[in-house]
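Asker: Before I ask anything, let me first share the structure, which is written out below as structure tokens.
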Amino acid sequence: MSTAGFNSQNGTGTGQTYANGPSQNPVALQQLPGVSYGMTHQPSYNPMPAKAPPPTGPGLYPSAPYQPVPPVSSYQPGPQITSYPSSPGQPLLPRPPLSGPPSHTPPQSASPSPGPRMPPAQATPPPPAVSSSSYYPSPQQPMAPAWQYNTAPPPMGPPTSISTPPRGPVANHVNPAASLAEPLPPSSAPYSTAPPPRVSQSVTQPPGPGMPPTSMLGYTQPGTAPPPMNPMVPNTYQPGRPAYGPPPTGPSPIGPPPIMKPTPPPTGPPVANTTPPPPKGDAQCGGAVNSTVPPTESDGQEGDIECPGAVAGNGPQASNSYNHVDNKMAGLAQPGPPGRHLGHYPSLPPGYQNASAPHGTSSMHPAMQAAMQPYTQAPQPYQQPPGGPGPAQLSPSLAAMSLQSSTPEALRVVNLLQERNLLPPTPVPAPTPCLPQDLQKINCNPEVFRCTLTSIPQTQSLLNKAKMPLGLLLHPFKDLSQLPVVTSSTIVRCRSCRTYINPFVSFLDQRRWKCNLCYRVNDVPEEFMYNPVSRSYGEPHKRPEVQNATIEFIAPSEYMLRPPQPAVYLFVLDVSHNAVETGYLNVFCQSLLDNINALPGDSRTKVGFITFDSTIHFYNLQEGLSQPQMLIVSDIEDIFLPTPDSLLVNLNECKELVQDLLKSLPTLFGKTMETQSALGSALQAAFKLLSPTGGRMSVFQTQLPNLGVGALQSREDPNQRASAKDIQHLSPATDFYKKLALDCSGQQVAVDLFLLSAQYCDLASLGCISRYSAGSVYYYPSYHHQHSPAQVERFQKDLKRYLTRKIGFEAVMRIRCTKGLSIHTFHGNFFVRSTDLLSLPNVNPDAGFAVQMSIEDNLDDMQVVSFQAALLYTSSKGERRIRVHTLCLPVVSSLSDIFSGADVQAMTGLLACMAVDRSVTASLSDARDAMTNAAIDSLTSYRQSVLTIQQPGLLAPACLRLFPLYILALLKQKAFRTGTSTRLDDRVFAMCQLKYQPLFYAMLMIHPALYRVDDLTDEGALNINERTIPQPRVLQLSVEKLSREGAFLMDTGTVMYLWIGRNCHPNFLTQVLGVPNYAAVPENLYLLPELDTAESQRTRAFVCWLRDQRPFYPSLHVIRDESQLKANFMQNMIEDRTASALSYYEFLLHLQQQISK
């Protein structure tokens, strides 16, 4: 087995295989000679180290043999056992011992070893420790099934392929032309001891005095208000830490922090030179490269996510207006500013002052509604008790929480072996951070931005001791029912770190604010003194930017390096014999005809079409033609555009020709016998067509490409689907699609892939075209217009959503965090253009992202830290917009507080992303072992370091009680399961979904929801838009919860199964399914008949309500005991034992055995 670490992430010029791993953010290097795609050769972060003992250091993650050792020891658990006993009564095999120095024979993963996990004595001196991210294959160094969660790796030498010896320098994913960071120190050795690159901040000033640390032992229960402040609580009073809230009215007693020595703010009116200096070339605006000037330079020279526009006190003065609620699906058209002279403030447009959420915003589960209550209300005034800036204002509130006598619910001790019914009856809400109520009220919605730990440890060593992953999960472009939109000539940002002003900054007085990320003191620009909501002057702390954790700015022209691109849509359609047989072409053409007027865009919107089989067909749709003109290019080796100017046409001007083409396409190829597919050449042609403008390429493919560039061969062995312990061919077979995706990304083109096939299509290779161009993958296995009507319905619904949903073009995203924190690994579909800048040629409201973080500097002088995600994009209407989300979390100093703030679902989502990468770069078995060890490690840390009274059993805090269940669910998920026949494309697609689905949707795919639906009542039902939505309990995923007398609905995210018991009550069969008895239930029933009965209405209302909770359309299958799909239904019974996997109770016994060693 190859033991190399992660290979280069974002493309190289060599023909090596590629890792499907996350994109890291190493420091940019100068481009190497002979290497294309401008990636640096720094290796990527490897969250799962090799089995050789890594060098000890303060950042490593302690593990073996579980004792509260200082965080210097290396973290080195052994491989997971692979064979399990046949019954719970037999003793489970212990975890094998740690290997010491790598032996010449790989350890047998299933060999029992009764001794403790300690390195054996060696007669020969051990070889030097090898870094976990080594790129050099070593047969002596198998991969370890454990993560080093939170430490970035040291920079190292050039990477090599996973499966081949080094071939010379290989480029990684950072564009040197887009570099923002200093080059690495030269090193001839393969490993360097230089510290990992910092991404979090580039601030030269040291921080000012922070907030006093306080204990967080009294973690408040979600939904409860913090206890009243107690002025007698002992706390460290630090006068240098300004209070949150409005500035004092008199002269401020608090000057700039003495350590920072900021430049004195200019006094009087703005300087005469109000024209901003021309912005440097910047990576995020229209494809230009980044400036290499460090971010600490003056604002006009900063290389940054958003081109430096008018900053505080600079730039053209213009009126600012505030549009309170953005439309749910698309931005409202913004009125132009009525005046360009200072002091002219337009009145607020009518209807915006007290705008309420549109109907239907409450159509979510009560638990989710309760969890989001602070976020769905109108903005709350952010005020503090009068009395000037009290630096201890925050501290007593937090300190008082730690004096609560009772143990918080999150830390209640649960014996998992005894308490079987742990699954709550309603969906699990996100935990509420332990913040004062006024801060929590305006914190970011957890559906948009959440952290795996809602209490941030003060130090990396404390985080290592907790043994839980630290990371963020984002859904940055989510459809929001309320989105404050601000139009202003001056977007106020920190002059040092470029953070956008937000609710968690501090106002020292009316004219100065302190950044909450780098602590620099900034001036408040004159126009920011006016509040467009209240139409008052002199209260900058009441501006919408300081009242909303999520806000959108309409960017001024300084944020553009070229005119905003139009909406451009190019459709690339497979028309081979196989494609025509599936019948997808009829559905696509009809769907586009139905929705052509709903495509997002304006008068500039362009569309084009390319079809292909063994040749490439273009369509001239130029205005003036009587009918579309088909142009065939048969030279697929040297593709060219026959008439470049008439293939992409203005939709409004040529709509009739477009409609004629869509009506004729299905019959045009109806009799074709062409079986070959030249997909690669078609993609090259489409890239040439879209390069001048950028846009969206929608590719529909039904078979393995077998002609021309990018041709692939079948790599799947059906006989190995179930028996192989390690799955082969999870990585791409060629780098063609990845390289093309990087070309597309550079030209602001994203590629979305629709794969409709009954045969193997090598999604591992084809998916690269979407992954690195920020596109999406849609997969419809065994699609056929007659044989799989449920797939046809799903395809139709998905297409409608895809064609009509909001879209952002030429987008970039940057995540900033408080100084001391650092981001080191990204997960999702994108290309990392510079160290921390994600290139997103298209951004859609259904895409999620995740990042891993580490703590570089101690946070002991801070009480809270903040994270800010800024997404700059061009709307379909041609507006340049910036959507900003800011999240604030408390800093804690005790392990119990860290555990009490654990977000078990966010942890599961992040671990799933890490495991996908590990499966591709190492092996599936390593990823499975690492997930199991994640549960062992966190529960061991809790038992040894938090529990004061040791008790028998498998003990967990209440907040982590579902963690072992979710880990077992991941092990049985289609992406990671073994011993069950799983098609390779199905597995790869499941991995793709775990990487880019937002957490809320991914959790259903990991742990489905099961409901009994034959006895639905109106008790506890929701009433939405005059519809009554029943709310049945969520049941455990075990056969023992099923009953032959009932009917049960299982929601797996993308598919729903309605299982009918053999003895189901006749009333349900007749009133809901419209059949007289069980035997009359049709074999392929996928629609619930619309019957005029109360039972039918309740059942259909509940299914529709579940479907409305997500943007994609889950198909429904009604199944009986004899149905072929019953096996799929039963595979999701996570708590039951299968031939190749443990039951939940056996898994708990296994965890207990490992923990008690």
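The backbone N, Cα and C atoms fix where each Cβ goes, and this holds for glycine too.
Curation does not apply to TrEMBL; its annotations are automatic.
TrEMBL feature annotations, pasted as is:
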type: COMPBIAS; residues: 1-28; note: compositional bias 'Polar residues'
type: REGION; residues: 1-340; note: region 'Disordered'
type: COMPBIAS; residues: 73-84; note: compositional bias 'Polar residues'
type: COMPBIAS; residues: 91-105; note: compositional bias 'Pro residues'
type: COMPBIAS; residues: 113-129; note: compositional bias 'Pro residues'
type: COMPBIAS; residues: 130-146; note: compositional bias 'Low complexity'
type: COMPBIAS; residues: 183-198; note: compositional bias 'Pro residues'
type: COMPBIAS; residues: 244-280; note: compositional bias 'Pro residues'
type: DOMAIN; residues: 491-527; note: domain 'Zinc finger Sec23/Sec24-type'
type: DOMAIN; residues: 564-803; note: domain 'Sec23/Sec24 trunk'
type: DOMAIN; residues: 808-892; note: domain 'Sec23/Sec24 beta-sandwich'
type: DOMAIN; residues: 903-1001; note: domain 'Sec23/Sec24 helical'
type: DOMAIN; residues: 1029-1102; note: domain 'Gelsolin-like'
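In the displayed structure, how are the listed features positioned relative to their neighbours?
Answerer: Confidence across the domain 'Zinc finger Sec23/Sec24-type' (491-527), taken as the mean pLDDT and rounded to a whole number, stands at 96.
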Asker: Can you say which of 491-527, 903-1001, 1029-1102 has the most Cβ pairs under 8 Å with the domain 'Sec23/Sec24 beta-sandwich' (808-892)?
Answerer: 491-527
Asker: For the domain 'Zinc finger Sec23/Sec24-type' (491-527), DSSP counts of helix, strand and coil?
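Answerer: Final tally across the stretch: 2 helix, 12 strand, 23 coil.
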Asker: Count up the helix, strand and coil residues in the domain 'Sec23/Sec24 helical' (903-1001) according to DSSP, in that order.
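Answerer: Breakdown, helix to coil: 68 helix, 3 strand, 28 coil.
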Asker: Take the domain 'Gelsolin-like' (1029-1102) and count its residues per DSSP category (helix H/G/I, strand E/B, coil), listing them in that order.
Answerer: 23 helix, 13 strand, 38 coil
Asker: Summarise the domain 'Sec23/Sec24 beta-sandwich' (808-892) as counts of helix, strand and coil residues per DSSP.
Answerer: 0 helix, 60 strand, 25 coil
